[in-house]
Amino acid sequence: MGRNNQTFFQQIVLSGFQVPQSVKIPFFLLLFISYSVALSSNVTILTLVSSSPSLHHPMFFFLSHLSLSDIILTTSIVPTMLHGILRGELSMPIPACITQLQFLGIALTSECFILAVMSYDRYLAICNPFHYISVMDSKFQIWLVVCCWVLSFLISFLTVIFVSKLEFCGFNVINHFFCDFAPLLQLSCSDTSAVELENLVVAIPTTLFPVLFITATYICIFVTILRIPSITGRQKAFSTCSSHLSVVAIFFGTLVALYVVPSNGHSLTANKVLSLLYTVITPLFNPMIYCLRNKEIKAALKKLVRCVCK
């Protein structure tokens with residue numbers, strides 16, 4: 001078909017989850033409750049860290065920004081997904097679809113960087129405890145998170161600029177519940193080689209460098225922990241980084257399974273399930289992992305509840 005005979009469109013249809021009518025409402029309620037708990041839990045962490053002097057510590061400062069990243073991730077994806085479940089499918093203007101892609105990119109990229117920064121914080125606390133306070137002062141903390149957010153925005157915005165120059169025509173249905181990068185490119189009738197190259201050049205180091213950095217810091221951490229003579233000392237040192245390590249494993253494990261494993265290795269349904277893990281389940285588990293394992297957060301939460309109940 002010639003280019004002049006192609007039909008260009010301005011609306012993209014998200015097919016979402018095609019569930020039977022009998023389970024549509026229970027499925028909607030399950031995801032709505034999960035989203036509500038994830039959102040409220042991350043907002044609670046932001047509130048606790050900002051209002052509790054006992055949590056004015058680098059680890060909790062970075063945790064609050066991890067929660068902010070999770071909030072951006074869930075709020076940019078889940079509301080439209082829930083709407084699509086009730087309607088069966090959802091149409092979005094192309095600019096709205098690209099905007100959703102940008103917020104998704106900001107959230108995922110910032111989470112990669114913040115998790116790397118948190119591993120560096122744990123490295124300093126365990127491997128260089130005598131220099132920890134002098135190195136990880138408030139100015140350095142702010143500089144680290146500003147770099148994370150600025151880099152995340154620039155990386156995502158660069159991809160969005162390339163995508164926004166594409167023309168879309170022909171089939172306008174994405175078999176997904178949000179505007180992900182690869183499905184969106186499949187709808188384009190333009191040459192996408194430049195966009196794909198840009199995404200490859202940017203996405204690989206954005207994911208690979210944090211993973212390698214986190215791996216290197218934890219090798220140093222484990223070596224240091226094994227040198228501690230007492231079992232109690234080793235357990236105490238490991239407990240300070242076990243929550244972060246759990247979050248890293250869940251987040252990067254899901255991303256690797258979804259974006260690194262070849263697409264023919266799993267079905268479209270598996271893609272949706274994996275996407276659901278990092279858009280809903282991971283933001284739900286992150287605050288739970290930290291809240292259940294951290295005495296300071298539990299104490300601050302109890303204090304906040306008592307103040308609210310008075």
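Every residue gets a Cβ built from N, Cα and C, even glycine.
The domain 'G-protein coupled receptors family 1 profile' feature in TrEMBL is assigned to 41-290.
Among the features that TrEMBL reports, transmembrane segment is placed at 25-48 (among others).
Away from its own ends, the transmembrane segment (60-81) comes close to residues 14, 16-17, 31, 35, 38-39, 42-43, 45-46, 49-50, 90, 92, 100, 103-104, 106-108, 110-111, 114-115, 117-118, 121, 141, 144-145, 148-149, 177-178, 247, 278-280, 282-283, 286-287, 290, 296-297 of its chain (Cβ-Cβ under 8 Å, at least six residues beyond either end). TrEMBL lists 60-81 (among others) with the feature transmembrane segment.
Long-range contacts of the transmembrane segment (101-120) within the same chain: residues 59, 62-63, 65-66, 69-70, 72-73, 76-77, 144-145, 147-149, 151-153, 155-157, 159-160, 163, 178-181, 184, 206-207, 209-210, 213-214, 217-218, 241, 244, 247-248, 251-252, 255, 278, each at least 6 residues beyond the stretch ends and with a Cβ under 8 Å from a Cβ of the stretch. According to TrEMBL, the transmembrane segment annotation covers 101-120 (among others).
The feature transmembrane segment is assigned by TrEMBL to 140-163 (among others). Here the transmembrane segment (140-163) has Cβ contacts under 8 Å with residues 58, 61-62, 65, 98, 101-107, 109-110, 113-114, 117, 181, 184-185, 194-195, 198-199, 202, 206 of the same chain, all six or more residues outside its ends.
Annotation comment: TrEMBL describes 200-225 (among others) as transmembrane segment.
The feature transmembrane segment is assigned by TrEMBL to 237-261 (among others).
Under the heading transmembrane segment, TrEMBL lists 273-292 (among others). Beyond the transmembrane segment (273-292), the same-chain residues lying 6 or more positions past its ends with a Cβ under 8 Å from any Cβ of the stretch are 31, 34-35, 37-39, 41-42, 44-45, 63, 66-67, 70-71, 73-74, 77-78, 81, 108, 176-178, 180, 243, 246-247, 250-251, 254-255, 257-258, 266, 298, 301.
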